[in-house]
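Encoded as structure tokens, the structure appears first; notes follow it.
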Amino acid sequence: SLSTGLDLPGRFLFATLTLMTLIAILVFIEEAVYIYRKIPSSKRSIIIWINAAAPVISTTSCIGMWVPRSIMFTEFTAGIFFAIVIHKFLMMLIKECGGQKVLLRRFENGRFTISTGPCCCCCLCLPRVPITRQALFWLKLGTFQFAVFRPVLIFLSIVLWTNGNYVLYNSSPKGPELWINCFVGALTLLALWAVGIMFRKVRILLKCKNIIPKFALYQFIVILNHLQTTIINILATQKIIPCAPPLSSTARGSYIVQQLLIMEMFLITVISRAFYRRKYHDLEPPECVAEEPGDKNQTP
């Protein structure tokens, strides 16, 4: 019914977006084969997971575009996958420093700056936390909780949806969607805060491995997949995005989100290939590396 209801420009748009999704999948498969052959086994699976984020979101958006009734499952599948990717990105930062033991030696006298975004960027009075095994455990727990609890909340949402209690894009305080989304939002901020704390400490050390562009791509996925989607859905529910029969405002907003995500994730997939496909040299031993500008260098 969808294909018969499209005019010629609409069919051309759907075909073009589907082709972009297929190209993104092929680019990822080619990159995954390269990573499997060239990257050490300790980092291999983590890097493949991170690179799969954009193609997976593009694929779920394409399925939701062609099969509108599947939007509940496609959005939740992308949400579960990206929750795991956030944890994997934190683990990649630790692995790129040589692992947890080497990182603790490298920053033996260093401290984490916890007054960083998105939670505490304005709380400059917060103390700096010593870099210890316990501090690393809490950072990993901050992302791991998101990878565990978000699938649980998504499963609860699907159960309520099948029973008719959960309605997509219903922001009424009487419904469960608002409260589940608020809880998911709090867990998301906590996970992003943990990644931000770690990145702020290691960004200078890992600059030689292009960690800043990699972090920027990861941030773009977060912003586009969450903030952009939320804003467009709010505009649709408030009827600011007008309906276009036979599509209602919310249905049209959903189409806009999916089409934008396909194009954006295609670009991120291609750009990610350029940064993750390169071969980077291992870091020097901890005794020869400064922690941050202004820190004292340790002599061998």
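Even glycines carry a Cβ here, placed using N, Cα and C.
Automated prediction, rather than curation, is the source of TrEMBL annotations.
If you look up TrEMBL, you'll see 12-34 (among others) marked as transmembrane segment.
The transmembrane segment feature in TrEMBL is assigned to 46-67 (among others). Long-range contacts of the transmembrane segment (46-67) within its own chain (CB-CB distance under 8 A, at least 6 residues past either end) are made by residues 2, 14, 17-18, 20-21, 24-25, 27-28, 31-32, 35-36, 39, 74-75, 77-78, 81-82, 84-85, 88-89, 91-92, 95, 218, 221, 225, 254-255, 257-259, 261-262, 265-266, 268-269, 272-273, 276.
Among the features that TrEMBL reports, transmembrane segment is placed at 73-94 (among others).
According to TrEMBL, the transmembrane segment annotation covers 137-158 (among others).
The feature transmembrane segment is assigned by TrEMBL to 178-199 (among others).
Sequence-distant contacts of the transmembrane segment (211-236) (same chain, six or more residues past either end, CB-CB distance under 8 Å): 50, 53-54, 57, 78, 82, 85-86, 89, 93, 96, 169, 171, 188, 192, 199, 202-203, 249-250, 252-254, 256-257, 260-261, 264-265, 268, 271-272, 275-276. According to TrEMBL, the feature transmembrane segment maps to 211-236 (among others).
Marked as transmembrane segment by TrEMBL: 256-276 (among others).
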So, taking each listed stretch (12-34, 73-94, 178-199) in turn and counting its Cβ pairs to the transmembrane segment (256-276) that are under 8 angstroms, which one gives the highest count? 12-34
Non-local residues, at least 6 beyond the ends, that sit with Cβ under 8 Å of the transmembrane segment (178-199): 79, 83, 86-87, 89-90, 93-94, 112-114, 116-120, 138-140, 142-143, 145-146, 149-150, 153, 156-157, 166, 170-172, 211, 215, 222, 226
